[in-house]
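Copied over from Swiss-Prot:
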- Ser29, Gly30, Gly31, Pro32, Asp33, Ser34: ATP binding site (BINDING)
- Asp627: Mg(2+) binding site (BINDING)
Amino acid sequence: MDDTDKRVHKYIEKHDLIRSDDKLLVAVSGGPDSLALLHFLWNSNLVPKEAISVAHLNHHLRENAANEQNVVETFCESQGIPFYIEEVDVKSRAESLQKGIEETARIVRYDFFEKVMAEKKINKLALAHHADDQIETILMRLVRGSASIGWSGIQPKRELKGGQAIRPFLPITKAEIIDYAQKHELAYEIDESNTSQEYTRNRYRAQLLPFLKQENPAVYSHFERFSEETSEDFQFLEALASDLLKKNLIKNGKRTTLLLTNFKNEANPLQRRAIHLLLRYLYNEDASFITVNHIYQIIQMIQSDNPSSSIDLPNKLVANRAYDKLHFQFGEREAPSEFYHQLELNDRIELDNKASIRLKLKSSVVQTNGLNGMLLDAEEITLPLIVRNRVNGDRMTMKGQAGSKKLKDIFIDAKIPRQERDKLPVITDYTGKILWVPGVKKSAYDREFSRSKKQYIIRYTRNIGGNESMHNDIQKVLISEDELQEKIRELGRELTTEYEGRNPLVVGVLKGATPFMTDLLKRVDTYLEMDFMDVSSYGNGTVSSGEVKIIKDLNASVEGRDVLVIEDIIDSGRTLSYLVDLIKYRKAKSVKLVTLLDKPAGRNVEIEADYVGFVVPNEFVVGYGLDYAERYRNLPYIGILKPEIYSE
């Protein structure tokens, strides 16, 4: 075994490229590089010979394409190697795809390789990239301004559909490959396009590589080390970036939202890496066209003092900054749809944002306006009311203030994203006086209830049901889905140790504890029994009433049993204190409490859980079983609800 063979074997072992039970598909063009790789693998004994086959794609781009195909067929037939050949008119395909020749050739080539691998149950694709290719690639990406993920160049292996692409020849040079081919008397075709200065790579090969080798003959090993160290750095930052995105990313139908409150405080290198990781996710890993400029544009938008801005990214991806959120969505920018409605007394209109507005005479009983209602003195306005978009120059007379204020300034003060402002309903009377922008601001025409005056009441009702609006109602993701599951695994291990051999009765407190209990008990590896109890002191409100009611009692007796109570959150503690005392009164052998969340700031009675998942701040939290007005229980994470939702 000569030095070249030894280095390739060492590289294969170092990067775990080939195992004895692998099946290899060798991509062979008919040139010296791929033919040498095939010869090396065929004679290496790394895998049995019957585990090796060949794929050749005839692009019909070069005059000697037929000769290249013939070289592959001849060699494979002489050695008894199975081979698969496909012919594609790449020029025609490029026109139909509206892509460049090189990009199209790569697409059809890998489609062919992956198809063969799937049909023949092959798990490794061997490619003949070498050390010269590596230097050229790194330099080209740096000069072009590629994102930093590309600085490490060609990787020893990468994932494909159903397998991996491997590059065993990366540690050896083009010259060494030619020597190998000549030594073994391999007949190959020379690609005449490799000498054309029309192609960028060829210019690097002809002009830069000779200079670098002349400056330092060890340039190959230096670039190899640079590639490996850069790749290691990338993987380390990638893991941190992935964790950062898990905590700050919401997938909401066609829109993906990055929460900026915490994200923008992270170090710049981590922000850049996270943005690139996010773009790769959005583009389904095909983000080769993403450059440093794209990433810096997004970072600048995040760090800018301008709270409302947007940029267009490749392939019709739009990034919209809306104060503390950055939205990504594919498609053309939405042109604001104009609307204009007349609202007569006792009428109700439906808006495109799934909200409705109703105008009625006030009833004889006292009514409060709230955030979703407004009382008007009939003598001060002219019907019908008008519900429309904002228009340039709109001004509102403010309650408790002298003079009027531009709607634009009101929206800025309220932090309404620019792209949302044209969608908001503006309610005026028939003479044009602006009365109300629901959810934003009421005018000076807002009145208190009067028994003596004729008054109208406007009701604005927003549908907060449904998946899309549900996520939009969340101010911040407090605990991600991954963090929840990691903590549940930890609690499961602790409870397994605690209750092994004791056959506890596990009591779930309905309804909120159901998701937590379901996931937790999957992680408790011992015999147990389950029961449920519904005990409440909240009703449909947001503040504990202090009165505890049993809505559903236990089916099983707790007498003499070890009881484990599972709850979603301990807030005031009244409900849990009552329940624990009740179970003790019923002569349980022991009672312990496990809660997913503990909110000490809300405590009104002395009670502590034996097992706690997370301590949370004094915020209105929902999701993963926790609700507001029976909504949001099905969120997969714990989030902080926007105040305007539970204040309505």
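Including glycine, each Cβ sits where the backbone N, Cα and C put it.
Cβ proximity to the ATP site centre (mean Cβ of Ser29, Gly30, Gly31, Pro32, Asp33, Ser34, cutoff 8 Å) flags the following additional same-chain residues: Val28, Leu35, Ala36, Glu68, Ala128, Tyr188, Glu189, Asp191. All protein chains shown were included, and the count of other CB atoms within 10 Å of the CB of Asp627 (Mg(2+) binding site) stands at 18. With the fewest other C-beta atoms within 10 Å around its C-beta, Pro32 stands out among the binding-site residues Gly30, Pro32. All protein chains included, Ser29 (ATP binding site) registers 22 other Cβ atoms within 10 Å of its own Cβ.
Around Gly31 (ATP binding site), the C-beta neighbours below 8 angstroms that are at least 6 residues distant in the chain are Glu68, Tyr188, Glu189, Ile190, Asp191.
Rounded to a whole number, the distance between the Cα atoms of the residue listed as 'Mg(2+) binding site' and Ser34 (ATP binding site) is 61 Å. If you take the C-beta of Asp33 (ATP binding site) and look for same-chain residues 6 or more apart in sequence within under 8 angstroms, you find Ala128, His129, His130, Phe169, Lys174, Ile177. Comparing Cα positions, Asp627 (Mg(2+) binding site) lies closest to Ser29 out of the binding-site residues Ser29, Gly30, Pro32. In the three-state DSSP scheme, Gly31 (ATP binding site) is classed as coil. Secondary structure at the residue listed as 'Mg(2+) binding site', as computed by DSSP, is coil.
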